[in-house]
Amino acid sequence: MGSTTTPLSSFVSFVFLLLAAPSPLSAFAEDQQPINGDDDPRPAAAGLALNYYRDTCPQAEDIIGEQVKLLYKRHKNTAFSWLRNIFHDCFVQSCDASLLLDSTRRSLSEKETDRSFGMRNFRYIETIKEAVERECPGVVSCADILVLSARDGIVALGGPYISLKTGRRDGRKSRADILEQHLPDHNESMSVVLDRFSKVGINTPGVVALLGAHSVGRTHCVKLVQRLYPEVDPELNPDHVPHMLKKCPDPIPDPKAVQYVRNDRGTPMKLDNNYYRNILENKGLMLVDHQLAKDKRTKPYVKKMAKNQDYFFKEFSRAITILSENNPLTGTKGEIRKQCNLANKIH
């Protein structure tokens with residue numbers, strides 16, 4: 001596969017695509033055994049700890065969880081947004097909530113770049129922040145709210161409850177100028193994708209597991225042009241092509257139009273291992289999906305996850321844990337923002 005990219009393409013857009021999840025939140029980890037990264041050989045990120053706010057804001061995680069539940073009931077697609085946020089923020093140099101900052105006269109916001117195409121629901125992070133601030137003003141970081149809302153969003157999608165550490169602090173500047181140096185793209189070769197992930201400590205089975213997020217949501221037609229036009233990619237399952245062409249009839253789709261194909265027509269709103277069975281049948285929508293099932297480095301893990309959802313969840317949880325601990329600001333570094341979209345004023 002080639003390594004050409006399109007202006008609106010991003011690996012985030014192929015890992016965590018727009019979705020609305022229907023599974024209830026009533027069990028929110030109550031019937032699940034937490035999955036953690038105990039088998040991860042890397043040292044824990046300094047300054048992070050489970051239940052970091054136990055003394056300073058003991059209700060913090062409960063408040064965040066309740067807010068995620070309430071928002072999910074009102075707006076089903078928020079669960080996806082939480083999950084996509086953790087990738088966009090934590091993959092780019094540091095898990096420091098830089099993604100949430102608004103643009104200023106001097107810097108462009110990460111969330112307003114082409115690589116953040118389709119992202120939304122940032123205002124609901126502010127809703128969660130406000131609820132936490134009412135209980136414990138100036139204590140809980142936006143970076144931790146971003147990570148914990150992703151954890152609870154995964155449960156909303158039917159995925160595993162993952163024990164994630166807290167103690168991050170917030171950065172003060174956007175990292176829009178270095179996005180391209182960090183974020184993998186859905187049209188890049190598998191070698192490039194694996195290399196980019198390895199730089200943040202995620203190995204091959206972890207990459208395969210994170211791509212399992214394609215079991216939910218949808219892919220915008222702007223991401224499928226190269227597979228459908230001017231000629232249909234012969235590697236696509238011929239039984240799947242008519243549906244794709246019906247949903248994406250334009251060779252030059254309007255990026256602002258809501259044109260998309262569901263990633264998994266069987267269980268489109270559930271985080272499960274059906275994605276792997278689909279790509280083994282050449283039903284993967286994007287180039288990276290196809291490569292994942294064909295590349296000799298990744299195919300064995302695809303086949304294993306297609307057969308064993310517990311294995312998929314284990315590797316997915318481990319990869320999310322590693323991502324959440326990527327180079328956090330702790331101790332006296334950074335700050336605790338008063339509003340997640342604005343750095344604090346320096347007096």
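Cβ coordinates come from backbone N, Cα and C, glycine included.
Quantities reported herein were computed from a predicted structural model and do not represent experimental measurements.
So that you can see what the record holds, here are the features copied from TrEMBL:
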ACT_SITE  His88  active site, proton acceptor
BINDING   Asp89, Val92, Asp96, Ser98, Glu110  Ca(2+) 1 binding site
BINDING   Pro184  substrate binding site
BINDING   His214  heme b binding site
BINDING   Asp264, Thr267, Asp272  Ca(2+) 2 binding site
DISULFID  Cys57-Cys136  disulfide bond
DISULFID  Cys90-Cys95  disulfide bond
DISULFID  Cys142-Cys340  disulfide bond
DISULFID  Cys221-Cys248  disulfide bond
DOMAIN    47-344  domain 'Plant heme peroxidase family profile'
SIGNAL    1-27  signal peptide
SITE      Arg84  site 'Transition state stabilizer'
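Asp264 (Ca(2+) 2 binding site) sits 8 Å from His214 (heme b binding site), taking the Cα positions as reference.
Residue with the densest Cβ environment among the binding-site residues Asp96, Glu110: Asp96, by other Cβ atoms within 10 Å.
With the fewest other Cβ atoms inside 10 Å of its Cβ, the least crowded of the binding-site residues Ser98, Thr267 in this structure is Thr267. It is 28 Å from the Cα atom of Cys136 (disulfide bond) to that of Glu110 (Ca(2+) 1 binding site).
Taking each of the binding-site residues Asp89, Asp264, Asp272 in turn and counting other Cβ atoms within 10 Å of its Cβ gives the largest count for Asp89.
Of all the recorded positions given, namely Cys57, Val92, Cys221, Cys340, the one with the smallest number of surrounding CB atoms inside 10 A is Cys57. Of all the binding-site residues listed here (Asp96, His214, Asp272), Asp96 has the Cα closest to the Cα of Cys90 (disulfide bond). Note on the domain 'Plant heme peroxidase family profile' (47-344): mean pLDDT across this stretch is 93.
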